[in-house]
Amino acid sequence: MEKKLACFLLASFFFLITLAGIGQGRLVTSNSPGDNVSDGVHSLYKQPKLPYLNSLFSSEESCTETYGFLPCTTTVLGNVFLILVYSYLMFLGAKLLSDGSEILLEILGPGIIGGFFLPVLSALPDATIILASGLSGSTATAQSQVSVGMGLFAGSTVMLLTILWGTCLVVGKCDIENSIALDHKDTKIFSLTGSGVSTDIWTSYAARIMIISIIPLILVQLPQIFQVTSLSHMAILVSLIVSICLVIAYSLYQIFQPWIQKRRLAYAKHKHVISVFLRNIKMHALERRLFNDDGEPNKEVIEKLFKTIDQNSDGNLSAAELRALVVGVELEELDTDIEGCVAQVMEDFDTSHNSQVDVEEFVRGISRWLKNARRSAESGRGQNEHSIGLLNNFHLQTRKEQDRLGDQNDEVVEGIQNANWHATKAVLMLLLGTLIAAVTADPLVDAVENFSTATSIPSFFVSFVILPFASSSEVVSTIIFAKKKNLRMASLMYSEIYGSVTMSNVLSLAVFLGLVYFRDLTWDFSSEVLVILIVCIVMGLIASFRTTLPLWLSLVAYALYPLSLLLVYILKYVVGWS
């Protein structure tokens, strides 16, 4: 699913770009003989034939192959293809880094690994692209290509805080009553003030930490603000040191206050409870399929299952009847007690909050779980299946995630079987992911720069729009969190977003500042920094002092994305402020 979304967004953007430049026009000049007026394209055979199309398919200019063997091109479509290929490879590298770090979490526990390595590894793809954008070539070449790195840095921050932030609010919205979003209750459709999400106080802390992370950006702009450009180089060095200190401080905070890690662990265990419950439901269904031929949940079969489980035939399932359903069904895999499993099922199904589940709540709950299971299983296997095969696949995936993440209540995970094999596998995944990211970054930057040259679109805007989707592998999984429609998942979701932006603001910025400082590049990114500051401050303050987010705030978030691009264009290319 993540791969399809990334490829679709990339392909759609490039398709619109290529269409934008194709066209012909009529021309009447004073040199036209007599009273004749052209009824076609003026001087069709004397003027260059569709110069834009020439740049689309062919070009007389030459390019330099990256590493001496990777292909390059100066045509538009050729660079579109290369950007798609290299972006996909970068996406795979990011995915390997994420999966490998989580396996290490299984072996070593959530302390140091989750607090230091996970945040750093999550920002590694962005850091490698930023580094590649200005590391090689002459100073003039680096000054030109470093805009790609700034575009990625700004684009990642803005995308997370606008598009992803707003989408999670739309997907996860629930009805708001007495200033609190009610879990699983979504009857007000798109009421801008009557629906939204609620988060806990820890999410507000995450937003405040994110605001603190912009301090280096403010410091580096001080010479421009006070018009003391002679101190610009010193300001870059100070900001670099502060950024490194903030990386260390944030990592230590995650180690000693690992609340985000614990939420992630709780979500993995909750999802595994769902998989075991669905497998048991399938056993009660016997040979009847839980899905129709069109892939939708079979409501008739689910209703019959309800009657089977409803032992006293009173039309409601009590906690005792649910307990009887899950007893003895591979609960040793869950590493939790039966009552905890029953409580989670009741929490998800009992929308009326009367400690019972009626037939409508049961059908809605099972249907929702089945749809989520199908989505996860199909993305894992890449094919469509029905009932038992699909649920088995979903069960295996959730089991792996739970094993990978460990138990949220333990500081150290003990008793890991085949620890040596898992450690070797994790290290290999991390090495392979790092290698792919490192090798892919340079040709990806070259392809973006060549595409920018061929289309006359500034490289900053190309990288701003495209590269964040290539270097992030967690966008879709964050939206899946939102579909749970409850406070706990909403808190985890927005904490993840603010945490990712925080690490980007300190680690990716540290790499960028180091590049500018040690290569003695000119700092002319004032408009880009201003956009980052505006978006971070606005979206950070929104969650810092309120725990309920009404739906209308998604409009604010969505609007900030195009406004950010527009502001950079006006300030840099109209006003000339750099």
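Counting begins at 1 with the first residue displayed.
Glycine is treated like the rest: Cβ placed from N, Cα and C.
Bear in mind that TrEMBL entries carry predicted annotations, made automatically and left uncurated.
The predicted model assigns the domain 'EF-hand' (297-332) a mean pLDDT of 72. The feature domain 'EF-hand' is assigned by TrEMBL to 297-332 (among others).
Residues or ranges marked as domain 'EF-hand' by TrEMBL: 337-372 (among others).
The annotation signal peptide is assigned in TrEMBL to 1-25.
For 67-91 (among others), the entry in TrEMBL reads transmembrane segment.
Per TrEMBL, the feature transmembrane segment maps to 103-124 (among others).
Tertiary proximity for the transmembrane segment (144-171) is limited to same-chain residues at least six positions away from its ends with a CB under 8 Å from its CB atoms, namely 126, 129-134, 137, 196-197, 445, 448-449, 458-469, 471-472, 475, 478-479, 481-483, 490, 493-494, 497, 500-501, 504-505, 508-509, 512, 515-516, 521, 525, 528, 531-532, 535-536, 539, 549, 551, 553-558, 560-561, 564, 568. Here TrEMBL flags 144-171 (among others) as transmembrane segment.
Among the features that TrEMBL reports, transmembrane segment is placed at 205-226 (among others).
The transmembrane segment annotation in TrEMBL covers 232-253 (among others). Counting same-chain residues at least six beyond the ends of the transmembrane segment (232-253), those with a Cβ under 8 angstroms from any Cβ of the stretch are 115-116, 119-120, 209, 212-213, 215-217, 219-224, 502-503, 506-507, 509-510, 513-514, 516-517, 520, 523.
Taken from TrEMBL, the feature transmembrane segment applies to 426-445 (among others).
Sequence-remote contacts of a segment are chain residues at least 6 beyond its ends whose Cβ falls under 8 Å from one of its Cβ atoms, and for the transmembrane segment (457-482) they are 1-2, 5-6, 9-10, 13, 17, 83, 86-88, 90-91, 94-95, 98, 122, 125-126, 129, 144-145, 147-152, 154-156, 158-160, 164, 167-169, 171-172, 197, 267, 372, 375-376, 444, 448-449, 451, 489-490, 492-493, 496-497, 500, 528, 565, 568-569, 573. As annotated by TrEMBL, transmembrane segment applies to 457-482 (among others).
According to TrEMBL, the transmembrane segment annotation covers 494-517 (among others).
Summarising the annotation, TrEMBL assigns transmembrane segment to 529-545 (among others).
Look at TrEMBL and you will find 552-571 (among others) tagged as transmembrane segment.
Only residues 6 or more beyond the boundaries of the transmembrane segment (529-545), in the same chain, are considered here, and those with a CB under 8 A from a CB of the stretch are 153-154, 157-158, 161-162, 165, 199, 203-204, 206-208, 210-211, 213-214, 217-218, 220-221, 494, 498, 501, 505, 553, 556-557, 560, 564, 567-568, 571.
Contact count against the transmembrane segment (494-517) (Cβ pairs under 8 Å) is highest for 205-226, out of 67-91, 205-226, 426-445, 552-571. In terms of DSSP helix, strand and coil, the domain 'EF-hand' (337-372) has 26 helix, 2 strand, 8 coil.
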